[in-house]
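Features of the protein shown, as given by Swiss-Prot:
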- K37: active site (ACT_SITE)
- N12, V13, G14, K15, T16, H17, E114, G115, A116, G117: ATP binding site (BINDING)
- T16, E114: Mg(2+) binding site (BINDING)
- T41: substrate binding site (BINDING)
Amino acid sequence: MSSLFITATGTNVGKTHTTLKLLDALAAKGRSVGVFKPIETGVLDSAPDATILLESCRKVNRNFEGLKTEDITAYTFPLPAAPFCADTNHKIRIDRILEKYHQLSQLCDILLVEGAGGLMVPVTRDFFMIDLIKELQTRVLLVTPGRLGCINDTLLSMEALKSRNIAFDWCINLYEDAESFTEVTQPFYDAVFPAWWSDKEGMEKFARSL
């Protein structure tokens, strides 16, 4: 079993969108795909991200047909905030997240793990999302936006991953400012990262590499 952790430069950048596209691309190649959303905040009645992930996964993996959203999440909280802030009772246990991860790993040959927020989002007081990635020992797909200011956020995220020797790939989700991207961002990416790719082009090729 292999796994891939989908993270981003921040919140509302497109982790769920990218995870769903990758799920479809992998399933189209005959892979048995699973999904895991360790922590979701801003949950009142049902976890929106986990729900849509599970609905899509059920269509391509029978092992997930009988599961509920709480089966593919470890913790949910009503407050839309970083896990440490949303967890007002401080009940998050990393070993519970790892246990869920290993349980779901038995149901697929590749598990897509969607993070919350960005790499330095606090899960507990001294444990961050990037630390969870290290614990899981998984490869990473970093999702970045194309809007003005994203170069700085992208480079900082890359530096964080490199400093911890975490292998990663990255893609651009051109959902914002797609028209201005060619002027305000693309020139730098073309000069420094000529092999960059977006979620609209290159997802199938990336899926073949997993």
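Glycine is treated like the rest: Cβ placed from N, Cα and C.
Just so you know, the Cβ of A116 (ATP binding site) picks up 24 other Cβ atoms within 10 Å once every protein chain is counted.
Other Cβ atoms within 10 Å of the Cβ of N12 (ATP binding site), summed over all protein chains shown, number 11. Taking K37 (active site) as the reference point, the binding-site residues whose C-alpha atoms are within 10 Å of its C-alpha, out of N12, G14, E114, A116, are E114, A116. For T41 (substrate binding site), the nearest neighbour among the binding-site residues N12, T16, E114, A116, judged by Cα separation, is A116.
Looking at the residues that bind ATP per the record, N12, V13, G14, K15, T16, H17, E114, G115, A116, G117, the two CA atoms farthest apart are separated by 14 Å.
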